[in-house]
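Here the structure comes first, spelled out in structure tokens, and everything after it is commentary.
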Amino acid sequence: MAELRLPPNSVVKKGKEHKAKGDVSNLRKIKIYRYDPDLDENPTIDSFEIDLSKTGPMVLDALIKIKNEIDSTVTFRRSCREGICGSCAMNIDGTNTLACIKPIEEISGDIKIYPLPHMKVVKDLVPDMSHFYAQYESIEPWLKTDSPAPSNAERLQSIKDREKLDGLYECILCACCSTSCPSYWWNGDKYLGPAILLQAYRWIADSRDDHTGERLEALEDPFKLYRCHTIMNCTKTCPKGLNPAKAISEIKGLIAERHGV
């Protein structure tokens with residue numbers, strides 16, 4: 001009989017408990033995944049009790065309060081606090097989202113916070129985005145043209161052509177969608193994932209780009225594109241309300257047209 005063995009230090013253990021101090025009018029417990037790869041120790045779940053009446057309304061506000069007032073070693077990324085930069089992407093209450101726009105009041109019970117799933121962890125809630133960014137670079141996410149740039153002018157397009165980019169250019173590369181996708185979990189080394197494919201379609205759909213055929217050929221691969229099985233987790237979890245699954249479908253349709261299907 002085959003014996004199943006977990007990787008070393010993969011079992012998550014109970015960590016420290018930080019009790020609230022003083023008078024508390026609105027107590028909530030926040031459970032945070034803690035892991036430092038420089039230490040030869042298992043990850044833990046640390047618990048923090050905070051008074052929500054003394055913090056802001058978003059999960060990120062609670063994290064900042066914990067870091068500033070309780071445990072300065074808690075590590076996470078954040079920047080804009082407006083849902084624009086994508087830095088604070090993490091798994092909150094079982095769903096990938098942005099901590100800065102996730103209201104605490106929408107979560108019942110203890111607030112459980114983990115890093116984005118199926119990515120290596122740099123520390124605590126900080127995932128290693130290196131592979132994700134390398135995949136983004138591979139699609140050449142810039143305007144590719146054969147004609148010289150106009151002098152003292154922009155490359156113009158019609159209002160109708162510009163509208164084709166709506167729902168695409170707004171992607172902030174937070175990776176919430178890709179890390180919610182089982183196909184990306186299983187084949188992340190080869191499958192580009194919903195975020196990168198949506199970005200690829202953004203340039204394919206741009207009327208100013210002259211290399212549509214080249215871009216489609218680069219994606220016509222059993223793994224890069226066709227590992228998408230329309231599970232739809234990507235569309236469900238996108239904090240910007242975008243539809244990566246639709247973009248992937250559009251790419252597949254354009255490739256089929258090229259083959260006369």
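Cβ coordinates are placed from backbone N, Cα and C, and glycine is handled just like the others.
From the candidate list C228, C238, the residue Swiss-Prot records in the [4Fe-4S] cluster site shared with C171, C174, C177 is C238.
Non-local neighbours of the domain '4Fe-4S ferredoxin-type' (161-191) in the same chain are 83-87, 89, 95-98, 116-119, 127, 129, 131-132, 136, 198-199, 201-202, 205-207, 223-224, 227-229, 231, 233-240, 242-244, 246-247; each lies 6+ residues outside the stretch with a CB under 8 Å from one of its CB atoms. The local packing around C171 ([4Fe-4S] cluster binding site), expressed as other Cβ atoms within 10 Å of its Cβ over all shown chains, amounts to 20.
Within the same chain, residues at least 6 positions away in sequence whose Cβ sits under 8 Å from that of W186 (ubiquinone binding site) are R227.
Fewest Cβ neighbours within 10 Å among the binding-site residues C174, C181, C228: this applies to C228. Among the binding-site residues listed here, namely C80, C100, C228, C234, C234 has its C-alpha nearest to that of C177 ([4Fe-4S] cluster binding site).
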